[in-house]
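Record features (TrEMBL):
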- B:1-123: domain 'DNA polymerase III beta sliding clamp N-terminal' (DOMAIN)
- B:134-248: domain 'DNA polymerase III beta sliding clamp central' (DOMAIN)
- B:252-372: domain 'DNA polymerase III beta sliding clamp C-terminal' (DOMAIN)
There are 2 protein chains.
Amino acid sequence: MFFSIDRLSLIEEINKCNRIIDLKSPSPSITGICFDVSVDNLVLISTNTIISIKTTIKLNEMNLNIKQAGNILIRGKYFLEILKKMDDEIVNISCVENNIVVLSGKKLEFSLNILDYNDYPLIAFRENGDNITVNCNDLKKALNQTIISVNEWKQKIVLSGLNFSLKNGIFYIIGTDGYRVSRKRINYWSPQLEGKFETNIPYRSVLEIIKLLPDVGECKISIMDSYTCIFINNTIFQTTVLEGQFPDVNAVFPTDFNTTIFVDNKKFFKLISRADLPNDDNSIPVVNLVLENEKIFIKSSIHQVGSFEEEFDDFELKGIDDQNISFNSKYLIESLRTFETKMIEINLIDAKKPIVISSTEDDSLSQIILPMFSN
Amino acid sequence: MFFSIDRLSLIEEINKCNRIIDLKSPSPSITGICFDVSVDNLVLISTNTIISIKTTIKLNEMNLNIKQAGNILIRGKYFLEILKKMDDEIVNISCVENNIVVLSGKKLEFSLNILDYNDYPLIAFRENGDNITVNCNDLKKALNQTIISVNEWKQKIVLSGLNFSLKNGIFYIIGTDGYRVSRKRINYWSPQLEGKFETNIPYRSVLEIIKLLPDVGECKISIMDSYTCIFINNTIFQTTVLEGQFPDVNAVFPTDFNTTIFVDNKKFFKLISRADLPNDDNSIPVVNLVLENEKIFIKSSIHQVGSFEEEFDDFELKGIDDQNISFNSKYLIESLRTFETKMIEINLIDAKKPIVISSTEDDSLSQIILPMFSN
């Protein structure tokens, strides 16, 4: 095996593969990254059994020049550290002996021990499933906005990830832990996939997809068997999916409200952040919102720490001027943080019904939080 | 107790006190910060038994307005978090009940539980010792340049910190772990303190002094009994010192060399960084420097990882063009990082004698490293 390639581009491609690797895996070969060099391309593959990544560099892309085909299995971490320390624009990579790869530049040479390529499992990528195409930046934003409601350790397995579905011309991304729901809607018209395109992506996989998504361009989401693939430029990201039926949260979304508070998101966020009292013992921080006489009173207290009270009148109101409702302040803070609009709306029914946070400036996102019955 | 003060300034002063606190201390009162409010100033005090800090804010400084004197003992961490979340420019702090302090702004009020002031130990500050005055930035730089050679866990206690001494019109700051020496010289003429002014500052205390030192102004270093105080603006930093006789490293400094290599510091640093092969099992990374035919060959290898070799000719030479010497690459890298000058000099005698790194652009700093006998 012998090829040369642009050093910085190779770092980027190895980084994609290296991030998902579980160095604590009992099988050493799984901790490696495969380099498959053929006459016309270089393919890098890595896996952690849940997620697998395959990235392909074609001849002449990234200055790739292949002199001899071959396969090796490297330790990504060491390989990356060494590539980063080099100064050369182009790096030569060769393997003559079985267990050593040589990285060389103009005046220097690294010889690195490698793993045994023959120990690496064969990984099948399901590349031909039902698929939809979305904007990378839209998808990244949507995942960040909805992942907040997912509890990775939820006992009901299907809730420990995000639900993707296509219904009524809308691509829904939904997360819920039973106490709150994050829902993102992206218009997407595809009659032949209506009601058929649905998958549940594990929490960890969502985090990795977010890291992999660039700010520009489009990506393809493809589902097949119990796998979902995301095609991003020259890279295929494949994850196993969560089994089970995701609850139909759209059906339980409240639509009629007694009170709507229109408020500047930043100001309201700071107010609730103040009510979120510091504490070490992980007690659930409850914040109480009282609306009366066109004023909001925010109160909170934690036995060991102390208490907080603030009066707030910088908002507009529609509906009943009389509410008294309590929440988990962490949930409220995390929800508020997902809105990029200047103004938001807090929609209330009464002390026992879920609140819905939304924005008329961008109606694609809704955050629901169940109240707490602290009083 | 009742006073008001500029919120951001108070955050800064509490930060100074809070950093040194050991939250794992078995005595809860020691984890607090004392507020001593008298008619004309506010004094904050904290301690971790090794280091104590006292910072004084006079009436009208930082908008300090005292309405009623008194003493309280607060939990710094919570107090800081709450101050940071507030928006008000001025914060009111009052204590009416025994066990609660109230922080209030225009529209909000925090009530916080506090610790029992009567449990706090009396801390004596030795303010009137022998003292010298130095530029804060010079001192900060000197501490950063010399702390690298200190091993906090050294069995010989006196070596587990930095030595300050005044000899022959020079204020020396010296650190050594037995394998290397970092020496900084600052001109300082004070006949009455010659040979008398000497102290050994523990490693952790040095780190805290570095954090406390501003970029401008002067500070006073004062030694008395087994304490050293640093006076920085309105703050007194007091530390216990290390007992024992610090070795006279000046006497063992080599002065005659067979070879001097003049080299660009950044380029040489990158070269040695490359030779510092990645490894997980904490094996000592040995780097071998061979000088011959006006070329430097840098080699390194780690059994489990691999090997490295680079040829380097971008340097000037004085003396013998034939050396073969090995070092701990971490020591060499740390030493090179302390030089701010463009060019440095690497002074060699032979494979068994210490090397001295220095710079004619700034001769105040010298770094010595003992070679390793790897071959």
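Even glycines carry a Cβ here, placed using N, Cα and C.
The DSSP breakdown of the domain 'DNA polymerase III beta sliding clamp central' (B:134-248), given as helix, strand and coil counts, is 30 helix, 48 strand, 37 coil. For the domain 'DNA polymerase III beta sliding clamp C-terminal' (B:252-372), DSSP puts the residue distribution at 21 helix, 56 strand, 44 coil. Averaged across the domain 'DNA polymerase III beta sliding clamp central' (B:134-248), pLDDT for the predicted model comes to 96. Summarised by DSSP class, the composition of the domain 'DNA polymerase III beta sliding clamp N-terminal' (B:1-123) is 33 helix, 53 strand, 37 coil.
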